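Each remark here refers to the structure printed beneath this line.
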Amino acid sequence: MRVYQREEAHGVFFEPGQVAEQPLGTEEPRSLELSGPSRVGLEGPERRRFSASELMTRLHSSLRLGRNSAARTLTQGSGTGAPREGKASGRESRSVEIRADSVAMAAPVDPSGGHGSWPESRLESQEEPALGSRSASERRQSRFLLNSVLYQEYSDVASARELRRQQREEEGPGDEAEGAEEGPGPPRANLSPSSSFRAQRSARGSTFSLWQDIPDVRGSGVLATLSLRDCKLQEAKFELITSEASYIHSLSVAVDHFLGSTELSECLGAQDKQWLFSKLPEVKSTSERFLQDLEQRLEADVLRFSVCDIVLHHCPAFRRVYLPYVTNQAYQERTYQRLLLENPKFPGILARLEESPVCQRLPLTSFLILPFQRITRLKMLVENILKRTAQGSEDEDMATKAFNALKELVQECNASVQSMKRTEELIHLSKKIHFEGKIFPLISQARWLVRHGELVELAPLPAVSPAKLKLSSKSVYLHLFNDCLLLSRRKELGKFAVFVHAKMAELQVKDLSLKLQGISGHVFLLQLLHGQHAKHQFLLRAQTESEKQRWISAMCPSSPQEDKEVISEGEVSLGLSDRPQVQCVRTYKALQPDELTLEKTDILAVRTRTSDGWLEGVRLADGEKGWVPQAYVEEISSLSARLRNLRENKRITSAASKLGEPPA
């Protein structure tokens, strides 16, 4: 006979007076010293399912701690396996209780049997698996792990809501207007993406509640005393917890359904399996420990809980699993593509697994990229908390520390991926590029490729009449690195013969498209200087305006300080913003080194636009610059929305500066 809560249970909160189950496993409970509200029970006890016989045995074994154990199982009628159900009214719940040594363990039950609030507990006569063979999620029944909710769906809804917020005027009950933040008020809807998500999912029986929907919160009367800013702050903290549970749910599908598939394992070699799934189980275990600490903090004080100190505490563990997983991205993508092409069994097995309702017919790739998405989203969630935290408070200091730690981790992950990609690219190019009569060491740790491509070199031909200008044309291939430029001609077998090269400081570029008569196309002049004089010059023509502008921008790059000024100049003394802003509405992966990879909700300050659908921008969040297709972004037309975005970015950088950290 065992007591358990169904895996598909809704989010559950204990009513006042109910106490969580004490851990009865062979392992010692894990303690975590964190600032903030104190833990419940013994350092935040673990919830786990256990058989009744095992319960009795382990309770008696606690005699060594000097405590007498007794157990009482409540039953209905004369049966020994059925729960005793008491009548309840209103929001009161029935419960199955097991009392031992003054410890009450209760599992509330919804008297209506519907989807409203409490899941039903049951007693069954089945043998429990050995404790050592169970995962952390099985040992502790999380109240937020909802089997019908996957992180992919949460992410879509959260991104859609953030896009609307960034585009919206400041006036209104759901915005960040300074005046709207002050003063108490009734509970508001739409304070987090959970509300719209809950409406979408309610027909399928899942509950993805707001913090304000928790019975203890509603019954406390605190909602009538909170300002809108404080209410949003609590919702932002609560979203971090619920989204982590959704993330773990999707990771569980990836590990149990895909990685755990016997059929898939049999068709993969050990090395391919390692490259394809990498450290996904370790990522899942780390997140489970993180969620456990978050939930215990919430239980300790559901009205005034904090999360940023827990985030900061777990950042070293995040680094241990996320950095190698993200670094493995290149091998993961190549392995996946190679298996599709070379392993005849892999596509069919994968297709059958992806058709399963367990993964809601989502592809394996959508699960493999979750760690990349989550570590970025986690930084954004902490950033949202920081924006709403009172300035100059201890909470602001802690939120800033957590944000800086996550920002540093994201940057480290990006740098690791970038470094590996750049090194592989140089090794590949060194086998194809040949210098005529010179030795040029191409491979260097300080060198990377910025842009490459083929242009048309134009040269004047002798003409009968000086009024008729004739030009010869021939192809020239450019490899632009961060420190030098190579000009070459294509040879057989994809090789390149370099005929001239120059340092970046020796380059000078002039846009001539509007100045030359009789020359069609997108033309610019490239000069290679020696001292004050041009040693070589080339009249080059690009196929499109964006190609020409991208070459000019790459050869004459702006400084980091100039990029910062692009962001800061949007807010001038008159309160006007003439610097356009766009936000990413579709994820974009950079195809060229001078392009910028974008995630949904990224905001860019626009530097340059072209008539053929490209723009160059600086991302507000980290100051990174690059080109993106305009089809992946939309204009932020509201002046007040642009100013708010700038103020929020300034708030983050100012908070970081106060702690002695360099601003983003």
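Positions of Cβ are set from backbone N, Cα and C atoms, glycine also.
Sequence annotations record features per position, and here TrEMBL assigns region 'Disordered' to 14-50, 63-138, 162-198. Marked as compositional bias 'Basic and acidic residues' by TrEMBL: 84-100, 162-171. If you look up TrEMBL, you'll see 172-181 marked as compositional bias 'Acidic residues'. The domain 'DH' annotation in TrEMBL covers 232-416. Per TrEMBL, the feature domain 'PH' maps to 448-560. The domain 'SH3' feature in TrEMBL is assigned to 577-638.
Helix, strand and coil counts under DSSP for the domain 'SH3' (577-638) come to 3 helix, 28 strand, 31 coil. DSSP assignment over the domain 'PH' (448-560) gives 18 helix, 64 strand, 31 coil. Confidence over the domain 'DH' (232-416), given as mean pLDDT on the 0 to 100 scale, stands at 94.
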